[in-house]
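All remarks here apply to the structure that follows.
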Amino acid sequence: MSSSRLLTTTLRNTTRRNTRNILSPTTPILRTFTTTTTLSTKDTKMSTSPPKHEMVYFPSLTSAVRSFGQFRKVIHTGLYSQLVTMEIPVGGDIGNEVHMVDQVLIFTSGEGKAVVGGREQDIKASDVVVVPAGTEHQFYNTGKDKPLELVTVYSPAEHDPRTVHKTKEEGDEEEDAGKDEAPEWSRQSTDVNEKKGLVKEEGGPYENGDDGRHGRKVE
């Protein structure tokens with residue numbers, strides 16, 4: 001890892017920790033600690049390489065109730081964005097955070113409260129909230145009997161492409177330990193990606209022949 005990349009990673013983790021440790025009289029934060037070791041739960045079926053140049057299709061992703069079954073799961077990581085599903089349990093929250101990337105949250109089930117940049121807003125299924133990069137935010141599940149489900153888009157990526165967090169506490173531990181970092185290729189500029197041949201205005205051909213219109217390059 002380059003020194004600049006290491007510095008960026010360190011600053012981002014410090015921001016996460018410091019923000020979560022800020023307590024206010026109206027929004028207390030309860031952290032659960034355990035003496036057992038949390039095992040990394042990475043989805044080994046998810047690639048850590050740059051994405052192929054092909055359609056990615058998720059049928060009925062925003063249907064009324066998805067029952068994702070885990071607090072956070074990355075389902076796609078692109079060169080400039082990342083798609084993640086989340087499920088906040090009754091009485092739970094996402095946690096006070098400040099991301100260095102833009103975030104768009106699309107709520108698919110349940111009801112809750114958004115706090116972004118000090119402004120509060122009741123939210124429900126079908127609502128969308130945009131969190132600009134560098135803005136403190138928190139989301140609560142205020143429902144009485146069902147999870148608050150959402151699909152969120154980070155631009156660029158925020159998490160490891162293989163990330164699966166069963167609980168918020170598990171996610172916090174991995175982030176604090178630096179085990180949930182976006183890959184370097186997902187934070188590159190368009191100019192860099194063009195020079196590396198990862199993107200082409202003409203849509204290919206690409207060396208791995210995955211653009212759907214050109215055959216694989218044969219040496």
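Each position is counted from 1, following the chain as shown.
Cβ coordinates come from backbone N, Cα and C, glycine included.
Remember, TrEMBL labels are computer predictions, not curated facts.
Here is what TrEMBL records for this protein:
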DOMAIN    85-154  domain 'Cupin type-2'
REGION    154-219  region 'Disordered'
COMPBIAS  157-169  compositional bias 'Basic and acidic residues'
COMPBIAS  192-203  compositional bias 'Basic and acidic residues'
COMPBIAS  210-219  compositional bias 'Basic and acidic residues'
_Using DSSP, what is the helix/strand/coil residue split across the compositional bias 'Basic and acidic residues' (157-169)?_
2 helix, 3 strand, 8 coil
*Helix, strand, coil residue numbers for the region 'Disordered' (154-219) per DSSP?*
19 helix, 5 strand, 42 coil
